[in-house]
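Participant: Could you have a look at this structure, given as structure tokens, before my questions?
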Amino acid sequence: MGSQTLQILRQGVWASITGGWYYDPHQNTFVNALHLYLWLFLLCFPFTLYMALPPTMVIVGIYCGVIAGMFLLLKTVNYRLHHALDEGEVVEHRAKEKESNRTSSEGANEGDATRQEDSNGPGSVKASSCNVMQPISREQDWGRGEREDVKSANLVQRTSSSLGAGRNSGRRRTGKKRASSFDASRHRDYVSLRGMAKPRSAVFAAGGGEEEWSEASDLSCASSLQSTQSHHFSTDSSSSTTSHSCHSPEGRYRALKVKGKRRTSGRTPSTGSAKTHARVLSLDSGTAASACLNDPHPKEGEVLDAASLLGRASQLESDTVTFRRERSTFRRQAVRRRHNAGSNPTPPSSLIGSPLRYADSGVRVSCACWLTDMEGVREGTLCSMGPKLRIICFVCFLQIRLNRLLTIDPELLEQQDVDLSPELQDAPLDLEDQATATAHQAKQHYRFWLLPYLWVGLHFDRLTLLALFDRNREVLENILSVVLAVLVAFLGSILLVGGFFTDIWVFQFCLVIASCQYSLLKSVQPDSSSPRHGHNRIIAYSRPIYFCLCCVLIWMLDYVSDRTGSARFTVYGVAVTSSLVLSSARDLIIVFTLCFPVVFFVGLLPQVNTFIMYLFEQLDIHVFGGTVTSTSLLSSLYSVLRSAVTVALLYGLCYGALKTWEPQHIPVLFSLFCGLLVAVSYHLSRQSSDPSVLISLVHSKLLPNMKDKNSEDPLSEVQDPLPEKLRGSVSERLHSDLIVCVVIAVLYFAIHVSTMFIVLQPFLSYVLYSLLGAVGLLTHYLLPQVRKQLPWYCFSHPLLKTREYYQFEVRGAAHVMWFEKLHVWLLFLEKNILYPLVILNVLSGSARDLLYSLVGALMITVAGLKLLRSSYSSPTYQYITVLFTVLFFTFDYRNLSETLLLDLFLMSIVFSKLWELFYKLCFIYTYIAPWQITWGSAFHAFAQPFAVPHSAMLFVQAVVSAVLSTPLNPFLGSAIFITSYVRPVKFWERDYNTKRVDHSNTRLASQLDRNPGSDDNNLNSIFYEHLTRSLQHSLCGDLLLGRWGNYTTGDCFILASDYLNALVHLVEIGNGLVTFQLRGLEFRGTYCQQREVEAITEGVEEDESCCCCEPGHLPHVLSFNAAFGQRWLAWEVLVTKYVLEGYSITDNSAASMLQVFDLRRILTTYYVKGIIYYVIASTKLEEWLANETMREGLKACGERNYVDLDPTFNPNIDQDYDHRLAGISRDSFCQVYLGWIQYCNSRRAKPLDSEKDSSLVLLCFGLCVLGRRALGTAAHHMSSNLESFLYGLHALFKGDFRISSVRDEWIFADMELLRKVVVPGIRMSLKLHQYDEPVVLFQAISSHQQNLVIAHEGDPAWRSAVLSNSPSLLALRHVLDEGTNEYKIIVLNRRYLSFRVIKVNKECVRGLWAGQQQELVFLRNRNPERGSIQNAKQALRNMINSSCDQPIGYPIYVSPLTTSYCNSHTQLGHILGGPISIGNIRNLIVSTWHRLRKGCGAGCNSGGNIEDSDAGGLSCTSGNGTGLSGDSQQSSVSQGGLSRPAAPLAYQPHNMSEHQLTCISPLHTGTN
């Protein structure tokens, strides 16, 4: 704990203050000294210039020139060094035992290598060689007997021990040079003895020369060395992290790809054949290489091919020596980082590497490798080595080389370095032979080319370089860093020369400049405002960009304040452009700039892209009246540009109208402007801020055939219906807007041009304001309150109840009540009639006052657009703003009014901030109330009393955070609140959403062996995904019906059911659309989550207490304690019976269902009958019967006395088991199943021959035997064991069929037999029960085949079926979680579910989310039992914190941002009608005309029944009244791919009655 605190203080607090510089004790002296001198230079140089020279532009020129040169040099060198390490050439010099030999041999070798390097240019290494250790004379003969092998073993061990001691001594000497550049405090150093260059062609030979390290020996020599030391080593040696050997995997990967063809041509025959073997053997991460070493005594001249090598792998464990593992650092960094972050709790073994095991510990390997020279390929021989040792050197080298190539991941270089666990470190070896080991110590360096023929050696590795400076991967990043550094220097020196700072503040300002510039070299990681773990490349540019913005603002405000003329712009009597106000603003920004170290330490400023998104969003919402634009940076820019273009177009019309204004009447041009303003505002309010769906729609219309379907892709049939459904909804809305906007423009132009807004004043204004207040009060206050679960926190049940309120189990869709219809019509009246009339009235009255203003036309356009768009999109609290503004500026302070239009515009902004302040104060008081606080840790109890004296400061923070729309988060979950940085409404800066693990995104080998995604959380996430689709279909309509009460942008709700608990975040609210994000919590959550779930599901109606006694309460009224407690919660229950379509989950233990043999016998019997059913029902049956390969394979089964004696058959399980013959014969099979075969054959359209000796019976017999043998094979031939039987059953259920018998290989003639016959048979057997009669069984299978989807949960078809709203599904689930190992039969039935809707204070959610992000990312608190996630029922702290993005929270599902449109809601379409289009209007006119003709004809006919005809007309009217929505729904269903009798691919309206459908057909008949 103490070391972690020091680390946070050093790398967090101090680094945030200085801009990134801090003393790292885990780095060497050079790194720390260079950092210190750089930071001191950046701090003292501008201060010295300012103090030594007069304040002129000379200071600016000198300072900017020096900074430009320094940053250009550092960035260039850093970029070139990383490039050199990527493309690195390693030169290694080996020390000798004797000084004279060392001097002569090193000089000769180095000169020879240098000459060849220079002659061939950089990057072309031609001749070098290696010897891992010095050979002993008596061990040079590799062909001697076992006795000499045993003798040499002891000497090998001594030599390896001395060499290991040398490695240890080298590690101690160079320990500080290999520290991490990211989390170096927990890094453990290690040494990698692998060279890094690449061979073009390599051969092996035994030798004992003392030569340089060869390019080709980087892995083979390392393996030879390690094989003598009983050490594991990783097959993935893609990089080295020591100061001696450091090569980048990126360069190796590119070099191998480029040189692959050239090297192939020069490869010797033996090398080529071994390469072929290595490709086969490298499939299993090192096990193949060990397989070639199994036989301790191979025969002389024996050739070991791939099959024999793999076949001997089973003999390995008895006679192998385990080697210590030496891991590749960068790969280990990535795995450990992901593990610590929580995103990958179980690192796959393929990333970590598998140890190679070697047999025959007495054998010592010594190999020397060389490359070919310039003239050509030199033939090499494998001399003085037996076959076994050739295999060892050859296969180990090639297998590891290919394994490295196949498993390399260049992206891992971006990951941070983290600690190495103790088990990964090398154990200390004996130190007795340190002198000998020192003699063999290698010295390596990289070649850094200065000129084409001039290079210098680099004696450090990549980790040291990363510890020095941050890496900028792209050239543009380096250019941006240099430009920002120069810009910081220029603007800072301008302010210094301008005299803005004096005394000690000059030094403080120089400190700020130094921190901004230093962050471009070595940034703070992690920063307090960083939204992610690990290295954040964007955060390095935050300080200089914010510094430049502040300096520009300071200079501009100073310039404007000095040149302010007499013309002043005043708002409510305050001269905004006065010199005093501008100077005060300048001084405020100066103080803010000087406080940069503290600002960035606290984390008050976000990273740059987040700030831009926030700025655009606030501008679009508060100035242009738009919706939330922060779904992404591009959508923010798109929304602002869309609004700006609209204002520009309308401004010209308004400006022309004001120029022609006459005092007596309103110009027609202004009336045209008002009509277009209302129409454009209506259209913009109905469009989403995310243009992706619109772009997709345009692309599908212009280029419909660009996306070709791959018929061979097994996932081509699995299509997601949602994108097509969204495009259909957007298309319908565009067609509707095309007509409605024209009607609105014409209508309001006619109203405005009628001069009613002039003639009827002031009575018209009073009437409009009164109507608006009455309708708003009824719609947004009274109706939601009386429909709440606890109206006014006084009544114990809703005063207006739905029909489902008293139903224990909901059977159908929610019934539309009369008050819901009233709410819809009132909302329609308010949005489409009252608000436009009120705003047009205000526009007409205020236009006269703004005629002579310089920006009058612009203010009218912007204010009118903002008010109209906001009233269309979110009218919930608009009536309060209008009433307050009218009353305040009409009766109280009329002289302060800046025209009613501008008053409404400004008050709408003020009221939005006041509502935000109200929610923040409610959250604070609720969270820190002393009678209900739950202390999650000792710090919470300590912080509680200290928060009381700071109440005034807390209130100031609340006001500031409300003005800036920033979260106010509790520090570490305590009662101390701090302001976080600004965030958009979306909150999370990453587009994070969970991806389900299934067979479509995992490897086949992992599916068969490890069964990924078998945990409950991954399997259960599909239910939240289906819930998201259900909400996409109905959420917008339900909100408009008032079923979720009042709602605004950013509101958060919790949907709670029996097992589903999801947080729904409303991100964007428009006119008829809602964009939301759903976060699903665990089914079986933690203890804290269960306590909070109980809090939101338990009722308070039975509470009869009052203070300390229980006097009871009045009927239908809450008790005093219950009413008091409900007022001190950050959440409230809105609805207890919210009906939504979903799936009910039923799980039964498969073990209990198959415990006894009789039940397993029944399952096997139905398995066989299912195979028979599917093979006979197949359309390819005749093709299979005529297949010669199958007939030949089944020929043996057709013999008269054929009996299958496979031991997998069990008399207790197989009903047709012949006890006399001890197997399954054809006769015993026919005795049991011939009747079923003949019945199934009789149901075919063209029955075939089904006698006992027919080919049909023979095919069924062969398939049934094959299916049961596959079941026994998967159960490891232990079907009598329940656990083994269930394992085999699950393997076959997911499609893992392994044909192990030669007698079953005929099935490979057509694999459709397995996929279409055997797999459905085993799956259908789980559903079938006791069906004795063939008729009943046949009907049951046919019915289940039509209505039931049976699939494995990892199959993509399962997800497709769930999202397509299939009525029933069945799966066999294998649960491996927390020590449990059980099998469950999961049954899903589509039905209507009942949810409780709980509204949570949105500021509570934002504050807790911000607190968790800061605690886990910046403060690095990874304690799973930390106090900030303990349960707090008054704020639902655990549920909210667990819904954060991973790895901060742990939701099992996070949906992408999903938009729900009101068009898809059937019940809303019945009330208001469907979308308007030309086709729908034409159909309505035609149908109305035919109804009139039919009614008139029936009335004129004396024999006709007028009442019947009238009734028919009325019924048709009702049907056609909903026909508009019905057409749209039908089109959306067809676009989703609906086909009968398969399950629908899109949500269908389930309440379309048969009466309405039958009503349409006579109309079409009449039309014809």
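Placement of Cβ uses the backbone N, Cα and C atoms for every residue, glycine included.
OK, TrEMBL features for this one:
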type     : residues  : note
TRANSMEM : 30-50     : transmembrane segment
TRANSMEM : 56-74     : transmembrane segment
REGION   : 92-186    : region 'Disordered'
COMPBIAS : 92-101    : compositional bias 'Basic and acidic residues'
COMPBIAS : 119-134   : compositional bias 'Polar residues'
COMPBIAS : 138-151   : compositional bias 'Basic and acidic residues'
COMPBIAS : 154-163   : compositional bias 'Polar residues'
REGION   : 230-279   : region 'Disordered'
COMPBIAS : 230-246   : compositional bias 'Low complexity'
TRANSMEM : 479-498   : transmembrane segment
TRANSMEM : 541-560   : transmembrane segment
TRANSMEM : 589-616   : transmembrane segment
TRANSMEM : 636-658   : transmembrane segment
TRANSMEM : 665-684   : transmembrane segment
TRANSMEM : 763-783   : transmembrane segment
TRANSMEM : 822-843   : transmembrane segment
TRANSMEM : 850-870   : transmembrane segment
TRANSMEM : 876-893   : transmembrane segment
TRANSMEM : 924-942   : transmembrane segment
REGION   : 1521-1545 : region 'Disordered'
COMPBIAS : 1525-1539 : compositional bias 'Low complexity'
Participant: Where else in the chain does the transmembrane segment (589-616) make close Cβ contacts, counting only residues six or more beyond its ends and a cut-off under 8 Å?
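Facilitator: Sequence-distant neighbours of the transmembrane segment (589-616): 13, 16-19, 500-501, 505, 508-509, 511-512, 515-516, 524, 527-531, 536, 538-539, 541-543, 545-547, 550-551, 553-554, 557, 629-630, 632-633, 636-637, 639-640, 965, 978-984, 989, 1414, 1418.
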Participant: Between the transmembrane segment (665-684) and the transmembrane segment (763-783), are there three or more C-beta pairs closer than 8 Å, counting only pairs 6 or more apart along the chain?
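Facilitator: They are not in contact.
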Participant: Would you mind listing the long-range same-chain contacts of the transmembrane segment (924-942), meaning Cβ under 8 Å and 6+ residues beyond its ends?
Facilitator: 954, 958, 968, 970, 972-975, 977, 1128-1130, 1401, 1404, 1426-1435, 1437
Participant: Of the listed stretches 30-50, 541-560, 763-783, 822-843, 876-893, which one has the most C-beta pairs under 8 A with the transmembrane segment (850-870)?
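Facilitator: Per the Cβ under 8 Å count, 822-843.
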Participant: What parts of the chain pack near the transmembrane segment (822-843), using Cβ distances under 8 Å and only residues at least 6 beyond its ends?
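Facilitator: For the transmembrane segment (822-843), the list is 674, 678, 748, 751-752, 757, 764-765, 768-769, 771-772, 775-776, 778-779, 783, 860, 864, 867-868, 871-872, 875, 878-879, 882, 900-901, 904, 1040-1042, 1071, 1468, 1471-1472.
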Participant: By a Cβ-Cβ criterion of under 8 Å, what residues six or more beyond either terminus of the transmembrane segment (479-498) are in contact with it?
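Facilitator: That would be 46, 49-50, 55-57, 59-60, 63-64, 67-68, 71-72, 75, 472, 506, 509-510, 512-513, 516-517, 520, 540-541, 544-545, 547-548, 551-552, 554-555, 558.
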Participant: In terms of Cβ proximity under 8 Å, which residues at least six beyond the ends of the transmembrane segment (876-893) contact it?
Facilitator: 769, 772-773, 775-777, 780, 830, 835, 838, 870, 900, 903-904, 907-908, 911, 915, 1046-1048
